[in-house]
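What Swiss-Prot annotates here:
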type	residues	note
ACT_SITE	His89	active site, proton donor
BINDING	Phe22, Ala57, Tyr58, Glu59, Thr81, Val82, Ile83, Phe114	5-amino-6-(D-ribitylamino)uracil binding site
BINDING	Gly86, Thr87, Arg128	(2S)-2-hydroxy-3-oxobutyl phosphate binding site
Amino acid sequence: MNIIKANVAAPDARVAITIARFNQFINDSLLDGAVDALTRIGQVKDDNITVVWVPGAYELPLATEALAKSGKYDAVVALGTVIRGGTAHFEYVAGGASNGLASVAQGSGVPVAFGVLTTESIEQAIERAGTKAGNKGAEAALTALEMINVLKAIKA
């Protein structure tokens, strides 16, 4: 039986991060966690990380697709926060972002890590951006690096 596994060290990786400006006070913590994980754990060089800001989570798939198709990046990490409100807007934005990002990964062959928080409250979002529940930005960055290495191992 052949088993393919990979680690997260990828010192030569070129990684883009797309990040939503809406809910920036939370997303800044996700970005800090992602960059820290990429550089400290993944050993990615600072010069190999590109950050692209977009207005909101709904715009993440389009920017992510442009980056994935550019041929310049080995992976894209998408970061944002969608907090449920009193209308159906949450479902449209969260669903559009999730489905769109999955479509980009499947269509481009470039790993797209989902670091978009979809929470019931601001408190839950803050917990997932570096307090009680860890930092989902860091987790997404490590997922991207592992997938870069998994795909390399599959192609080897």
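Quick reminder: no glycine exception, Cβ is built from N, Cα and C everywhere.
These numbers come from a predicted model, not from an experiment.
Structure coloured by features recorded in Swiss-Prot.
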residue	record	Cβ neighbours (10 Å)
Phe22	5-amino-6-(D-ribitylamino)uracil binding site	17
Ala57	5-amino-6-(D-ribitylamino)uracil binding site	29
Tyr58	5-amino-6-(D-ribitylamino)uracil binding site	20
Glu59	5-amino-6-(D-ribitylamino)uracil binding site	20
Val82	5-amino-6-(D-ribitylamino)uracil binding site	26
Ile83	5-amino-6-(D-ribitylamino)uracil binding site	19
Thr87	(2S)-2-hydroxy-3-oxobutyl phosphate binding site	8
His89	active site, proton donor	12
Phe114	5-amino-6-(D-ribitylamino)uracil binding site	21
Arg128	(2S)-2-hydroxy-3-oxobutyl phosphate binding site	23
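DSSP assigns Phe114 (5-amino-6-(D-ribitylamino)uracil binding site) to a strand in the three-state reduction. Ranking the recorded positions Gly86, Thr87, His89, Arg128 by Cα distance from Ala57 (5-amino-6-(D-ribitylamino)uracil binding site) puts His89 first.
When the alpha carbons of Phe114 (5-amino-6-(D-ribitylamino)uracil binding site) and Arg128 ((2S)-2-hydroxy-3-oxobutyl phosphate binding site) are compared, the span between them is 13 angstrom. In the three-state DSSP scheme, Phe22 (5-amino-6-(D-ribitylamino)uracil binding site) is classed as coil. Residues listed for (2S)-2-hydroxy-3-oxobutyl phosphate, Gly86, Thr87, Arg128, cover a largest CA to CA span of 23 Å.
A distance of 17 Å separates the Cα atom of Phe22 (5-amino-6-(D-ribitylamino)uracil binding site) from that of Thr87 ((2S)-2-hydroxy-3-oxobutyl phosphate binding site). In the three-state DSSP scheme, Gly86 ((2S)-2-hydroxy-3-oxobutyl phosphate binding site) is classed as coil.
Taken residue by residue with DSSP, Thr81 (5-amino-6-(D-ribitylamino)uracil binding site) is part of a strand. Cβ neighbour density within 10 Å is lowest for Gly86 among the binding-site residues Thr81, Gly86. Looking at the residues that bind 5-amino-6-(D-ribitylamino)uracil per the record, Phe22, Ala57, Tyr58, Glu59, Thr81, Val82, Ile83, Phe114, the two CA atoms farthest apart are separated by 17 Å. The CA atom of Thr81 (5-amino-6-(D-ribitylamino)uracil binding site) is located 16 Å away from the CA atom of Thr87 ((2S)-2-hydroxy-3-oxobutyl phosphate binding site).
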